[in-house]
Amino acid sequence: MAQSRFASRSMFAALSVESSGEESEEEISESEVKSSATTSSAATEPPAPPIKMSKTAMKKAAKAARLEKLNSLAAEKPNGEITAKVVSSDSTEAGSFSGNLGDLEPEPPVELVDEAAVVSNHALKPPVTIPLEAAPPAKDPMELSYSVPTPEPEPSSELEALPIAPIEAPSSKQGAPPSDPENVKKRQNIFTRTLWTFIMIGVFIGLLLMGHAYMVLLVMLCQTLVYREVTALFVLAQSDKRDEIEGKDPWSKTLNWYFFAATNYFLYGESIIYYFKHVVFSEAQLLPFATNHRLISFALYTIGLMGFVLSLQKRYLRKQFGLFCWVHMSLLLIVVSSHFIVNNILEGLIWFWVPASLVICNDVFAYIWGMSIGRTPLIKLSPKKTVEGFVGAFISTVLFSLLWGSYFMRFNYMICPVHDLGVSAWSNVQCVPNPVFVWKDWQIPTPLATVLSTTLQTQITSISYVPYHLHLLSMSFFASLVAPFGGFFASGFKRAFNIKDFGHSIPGHGGMTDRMDCQFLMGVFTYVYYSSLIRQHNVTVGSILQNIVSGLSVDEQLELIVDLKKYLEGMGVPVPC
């Protein structure tokens, strides 16, 4: 009985070693296991003849003997836990096992760690430390006992008799499905983008109400940020180790901003002289600035050109000339376009506010229609743009322009050209409105009027309109069909440099260039359209004063004052001294 149980114990140890991943060269036969068990058991039995064993079999037998020694030591130590015995279900079959709880009285067991599972890294997978106990030696010294974590288990099969790692219940965090980082990032981006959209709209409307001067400052700030983002793309790369030591051209950045300042001086000086002649030519301190403005501007540019030539270095020639061309193209596309936008503001805020709103409206509706029904790609440079979104945005922008423009044309503050930079939305602004804002009646032809009157059951002979409605249609067509190509141009530009955004000036929106790409093109079109078809070239006090100051001598100016005074007195107009 003891021999068969020891053979079962040996076979159990062999199975444990094989389950850990170690491949045995030979399998131990039942006779070999019995032989090794007979040698290590009772001393009274005659010694068995020596049997040849492989190295693997010898290792397994040694481990089984060591486990037997550990169990005999454990039987001598007290312990008070209830134990479960693992016994052999059949004494004649060494490889058959079954586990059951014995009806033993609680004895003081000893918890031991199965070192056989640790030796030579042959532990069961996954590694679990299980306390081992020896059953009371009085009943059966060969029985293994394990501490039971749960009260009175009843294993009924061979698999339940083997040590099983406890399964931990998943926590609430582990049980919940993991959130997708892409969706979280997308939601955060949408929230940030929406928040800053409302912030920009609020700032834009606030500056609009504060007056023309604040809108001019806003445009200048935007053009400065755009210029910085675009010129930053052209970096003078270091060509060799010598350049890394000596550094790059120290004058490149300085000259970039010098040309930017000189160009702004020339363009905005022209605007000030044109729109504020009555102020500039009436002040003696400003007269030299007004009469010699272009000469001063040319001198400033010449100084910059000379400085560029003097800064040329042999190892940077190609890059310096490339940067020179880059800067001038940026000045043409950014600063000149901003100059036209400022002129639109000075001609009347409506010529800036409505075109800019049309571009924003077209962008928003293109996104809405594209997300709703967009299926057909529009252009490869912008894969997210669709034909459906483009067409839907066109129709929406045309309808929006008629409603939006008709509302704001009712306010003198929006339609009057600037005469004083100190006015605001709360000022009492008065002017003679441009004829395009004056309502007119279109007489319907008699046959058509008869049909309409019969159909609508009311007398219709004319339709009221303002010419500005026709101009709104033209601007909405351009904002929907042409201005988006400014955005496509910017998309191609970004793809050329393998960047997503031009910068990070506006959280959630990228750089300022990403928001102003279409506005520059729309602003230039509005200025050219207004100056060609809408502007009235009337004689103003400023233009006459400019001719007097620049074309007449001091004696001729005095003579003009005397003659003008006589004329006014003859008309009965009191002339202040």
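Glycine too: its Cβ is placed from the backbone N, Cα and C atoms.
Keep in mind that TrEMBL annotations are predicted by a computer and have not been checked by a curator.
Positions annotated as compositional bias 'Acidic residues' by TrEMBL: 20-30. Here TrEMBL flags 34-45 as compositional bias 'Low complexity'. For 86-99, the entry in TrEMBL reads compositional bias 'Polar residues'. The region 'Disordered' annotation in TrEMBL covers 1-105. The transmembrane segment feature in TrEMBL is assigned to 190-209, 257-275, 295-312, 321-342, 348-369, 390-409, 468-490.
For the transmembrane segment (321-342), same-chain residues at least 6 beyond its ends with a Cβ under 8 Å from one of its own Cβ atoms are 216, 219-220, 222-223, 226-227, 230-231, 234, 236, 252, 255-256, 259-260, 263-264, 267-268, 270-271, 308, 352, 519-521, 523-524, 526-528. Long-range neighbours of the transmembrane segment (390-409) within the same chain, counting only residues 6 or more positions beyond its ends whose Cβ lies under 8 Å from a Cβ of the stretch, are 350, 353-354, 357-358, 361-363, 365-366, 368-370, 373, 378, 415, 437, 466, 468-469, 472-473, 475-477, 479-481, 484. Only pairs six or more apart in sequence are counted, and the transmembrane segment (348-369) with the transmembrane segment (468-490) gives three or more Cβ pairs under 8 Å, enough to call it a contact. Through the fold, the transmembrane segment (468-490) approaches residues 354-355, 358-359, 361-363, 366, 379, 381-382, 385, 390, 393-394, 397-398, 400-402, 405-406, 409, 436-437, 502, 513-514, 517-522, 525-526, 529, 533-534 of its own chain, all at least 6 residues removed from its boundaries and within a Cβ separation under 8 Å.
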